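Student: Can you read through this structure? Questions will come right after.
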Amino acid sequence: MLNLIKYEFVKKYKMFMIVIITTILAGIFTSLKFEEMGIPIFAVILSIGLFILYAVDVVQMYSQDINRKTGYMVFMTPNSGYTIIGSKVITALLEGFAMLIFFILVITLNSTIVHGIGEVFNMNFHNIDIPFNEVIINIFIFLTAVLLMFIEFLLTIYSAITIRKSILSNVKFKGLISFGIFLLLNYITGKIHTIPYNVLDYSNYEPITKVPQVSDMLNIFAPAMVTAIVLCGLLTLLSGYLLEKKINL
């Protein structure tokens, strides 16, 4: 599995270097040109750009290989279906966390350029009574929850692709049927996500009328994060089983 993960990152390193260098230069230019006003604008543009890049990359990473088997044939030793899907999921997770950390570092760098290194972690965020470091922690919790739920969504795509290539390989309209399966999987996972919130009775939870504290963020997102981790495991096992038993790798 380590070789498969290493292979995925090696074939992407040029793309990563281009994104890193371009983003840092753009961030420095924005901070020097527009100062404080440029930070939120750049943060929004960067988050959208990184998300689109990430989404396209991790979907293609699996769909291209399963259709053309480009990545699997590089290795002399055969890999099991569970190893293959596991390597894809771990690669997507590591890539997502890397982008998340990179995003936070770039925004911190921009803030440091504008406000100075001595002021960044002591200042309040845009006159809101919450320190900058707590804002960063809140952003990290939120983006981690988003990442885990996106990985779960990604695995429903992987599962639908795997079902199309295995069980539905000789079925007419397999593309349309697999899309229906994808929608069904997302409907089911959406219903499962409501269970912990119903069990914990969030109906009486007081709405947050100010900037949330770290404890509030964890209280809001922890059930969704745990549920996403469990569902990711189940969907990985499903795709791994189909790769192992139904597709000739």
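Backbone N, Cα and C define each Cβ position, glycine as well.
Any TrEMBL annotation is an automated prediction that lacks curation.
Bear in mind that the values here come from a model prediction, so they are computed numbers and not experimental data.
The following feature annotations were taken from TrEMBL:
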- 12-32: transmembrane segment (TRANSMEM)
- 38-59: transmembrane segment (TRANSMEM)
- 97-117: transmembrane segment (TRANSMEM)
- 137-161: transmembrane segment (TRANSMEM)
- 173-190: transmembrane segment (TRANSMEM)
- 220-243: transmembrane segment (TRANSMEM)
Student: Thinking of Cβ pairs under 8 Å, which stretch from 38-59, 97-117, 137-161, 220-243 has the most of them with the transmembrane segment (12-32)?
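Tutor: Between the stretches 38-59, 97-117, 137-161, 220-243, 97-117 has the largest tally.
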Student: Determine which residues of the chain contact the transmembrane segment (97-117) at the Cβ level, with the cut-off under 8 Å and only residues 6 or more beyond its ends counted.
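Tutor: Apart from its flanks, the transmembrane segment (97-117) reaches 20, 23-24, 27-28, 30-32, 35-36, 38-39, 42-43, 46-47, 50, 54, 123, 132, 136, 139-140, 143-144, 147.
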Student: Residues of the same chain, at least six outside the transmembrane segment (38-59), with any C-beta under 8 angstroms of its C-beta?
Tutor: 12, 15, 19, 23, 26-27, 30-31, 88, 91-92, 95-96, 99, 102-103, 106-107, 110-111, 114, 150, 154, 157
